[in-house]
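Structure, as structure tokens:
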Amino acid sequence: MTIDMSMPGSSGLLNAVGKRNMNFFSNHYVLALTGAAGIGGFLFGYDTGVISGALLYIRDEFPAVRDNYFLQETIVSMALVGAMLGAAGGGWINDAYGRKKSTLLADLMFALGSIVMCAAGGPYILILGRLLVGLGVGVASVTAPVYIAEAAPSEIRGGLVSTNVLMITGGQFFSYLINLGFTEVPGTWRWMLGVAAVPAIVQFVLMLFLPESPRWLYWKDEKAQAIAVLEKIYDSDRLEEEVELLASSSMHEFQSDNTSYLDVFKSKELRLAFFAGAGLQAFQQFTGINTVMYYSPTIVQMAGFTSNKLALLLSLIVAAMNTAGTIVGIYLIDRCGRRRLALTSLSGVVISLVILAMAFILQSSSSLCMAAANGTCQGALGWFAVAGLALYIAFFSPGMGPVPWAVNSEIYPEAYRGMCGGMSATVNWISNLIVAQMFLSIVGLVGTGVTFLIIAGIAVLAFIFVALYVPETKGLSFEQVEQLWKERAWGSRGNCQSLLGAAP
């Protein structure tokens with residue numbers, strides 16, 4: 001098929017938003033690309049979730065870890081340091097070398113880090129392995145959403161990007177299964193941490209046979225290759241529209257490779273987009289999700305369930321709810337929209353965090369349970385805390401789980417998508433690191449109940465932020481999203497500037 005790759009006129013741009021009726025399962029090729037890229041999300045989830053159970057047994061093996069909260073927090077959070085560095089560099093790697101090569105690099109880091117952790121003879125070698133795995137997590141966290149978004153039709157883009165989040169939560173759930181399965185096996189935590197090398201190798205092999213992102217190829221002037229990929233995604237009528245939009249964008253976005261991080265702050269529309277995207281990523285972490293996922297067995301034990309095996313089993317239920325909630329989010333995100341889903345999610349998060357906080361506050365008040373000689377009151381409050389934990393996951397996972405990643409994969413212009421996505425993911429990992437490194441220390445300082453009340457207060461601030469600064473992007477093409485930011489930045493002048501920029 002021959003496509004006219006010249007600059008389309010304004011009528012072509014208007015027609016390029018024609019009927020869009022592709023459904024989630026209508027193109028198996030797109031699903032295959034999404035599934036393969038999503039293995040990076042699975043590894044992301046597995047390597048960040050597995051440490052919650054492994055830590056219980058690492059404490060038993062290494063006396064230096066057992067009585068040192070700071071060392072425990074460092075083992076957990078060193079992967080986050082690596083992820084922060086990997087995300088910061090991953091945006092540049094994505095733009096310079098492509099989404100495919102970035103994924104291959106992440107897989108190498110995953111595999112190497114898993115082997116180092118499995119063979120670690122002490123806590124500091126273990127920390128090194130966690131750093132290597134974290135580098136892979138950081139690169140994957142930038143690459144997978146962008147790769148999926150750039151291959152996805154706009155009307156199902158949110159659901160497909162959210163599939164990567166499903167892989168993350170699925171990886172966390174699987175890590176809990178592995179934790180539970182290896183509780184009686186010699187070398188328990190070594191198996192837990194070493195298994196992650198297997199899916200990394202699987203993804204590496206699969207990616208060798210998959211194409212580069214069509215938008216990245218077009219940006220790098222590999223137009224024939226880009227169109228060859230797009231032909232497998234769209235029918236002939238829709239293909240022509242998509243290539244018109246891509247050609248239009250390329251005329252005033254892709255002309256120069258001399259993009260810099262400072263450009264993000266010089267351009268008003270880029271500043272607004274980055275503020276919304278980075279703010280969502282920060283609030284995703286400061287509202288407590290990875291505190292719950294990293295420390296859920298520890299939180300369960302704080303609630304009075306002292307058995308390692310029971311703590312892991314209850315945490316497995318929490319992880320299963322996280323995965324199920326993400327499936328609900330995939331269904332809703334392209335129907336209800338990103339903004340409404342996030343606001344509903346945060347409303348429930350506030351309520352559930354207050355319930356969780358009250359359970360721990362009442363539990364710590366010994367006078368309330370003095371009459372219960374057999375500990376019945378404490379046991380009831382323990383289950384109340386677990387119920388609050390489950391309710392938190394039920395509200396968080398469909399909304400604030402997938403929405404930040406979906407929004408960040410679609411709100412930046414092509415020339416800055418990798419860069420801004422990497423910067424925003426770095427904000428996520430910095431926030432994640434702060435929370436993971438400080439959670440146990442804050443609990444020790446003010447108590448578990450007050451800690452969760454603090455997180456509830458942050459969730460209220462997150463609700464206000466989303467309501468004020470995050471626009472709806474449901475069903476919009478990348479070009480329409482770019483126009484949205486111009487209108488937010490300049491009002492009616494944004495339309496004028498767009499027409500002037502599109503003039504031949």
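Heads up, the Cβ atoms here are built off N, Cα and C, so glycines get one too.
Where the annotation comes from TrEMBL, it is an automatic prediction and has not been curated.
Per TrEMBL, the features are:
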TRANSMEM  29-58  transmembrane segment
DOMAIN    33-474  domain 'Major facilitator superfamily (MFS) profile'
TRANSMEM  70-92  transmembrane segment
TRANSMEM  104-125  transmembrane segment
TRANSMEM  131-149  transmembrane segment
TRANSMEM  161-182  transmembrane segment
TRANSMEM  188-210  transmembrane segment
TRANSMEM  272-295  transmembrane segment
TRANSMEM  310-333  transmembrane segment
TRANSMEM  340-362  transmembrane segment
TRANSMEM  382-407  transmembrane segment
TRANSMEM  427-446  transmembrane segment
TRANSMEM  452-470  transmembrane segment
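Below 8 A, the CB atoms of the transmembrane segment (161-182) and the transmembrane segment (452-470) form no more than two pairs separated by six or more positions in the chain, fewer than 3 in all. Between the transmembrane segment (382-407) and the transmembrane segment (272-295), three or more CB pairs separated by 6 or more residues in sequence fall under 8 Å, so the two stretches touch.
Taking residue pairs at least 6 apart in sequence, the transmembrane segment (29-58) and the transmembrane segment (104-125) share three or more C-beta contacts under 8 angstroms. Just going by CB pairs under 8 A, the stretch in 29-58, 131-149, 188-210, 272-295, 427-446 that sits most against the transmembrane segment (70-92) is 131-149. Per-residue pLDDT, averaged over the domain 'Major facilitator superfamily (MFS) profile' (33-474), rounds to 85. Among the recorded stretches 29-58, 131-149, 188-210, the one sharing the largest number of Cβ pairs closer than 8 Å with the transmembrane segment (427-446) is 131-149. Outside the transmembrane segment (131-149), and at least 6 residues removed from its termini, the chain residues within Cβ reach (under 8 Å) are 33-34, 37-38, 40-41, 43-44, 47-48, 78-91, 93-94, 99-100, 102-103, 105-110, 112-114, 116-117, 157, 160-161, 163-164, 196, 200, 213, 405-406, 408-410, 417-418, 421-422, 425-426, 428-429.
At the 8 Å Cβ cutoff, the transmembrane segment (29-58) and the transmembrane segment (452-470) share fewer than 3 close pairs (sequence separation 6 or more) and do not count as touching. Sequence-distant contacts of the transmembrane segment (188-210) (same chain, at least 6 residues past either end, Cβ-Cβ under 8 Å): 33, 36, 39-40, 42-43, 46-47, 50-51, 53-55, 57-58, 61, 100, 103-104, 107-108, 110-111, 113-115, 117-120, 129, 133, 136, 175, 178-179, 182.
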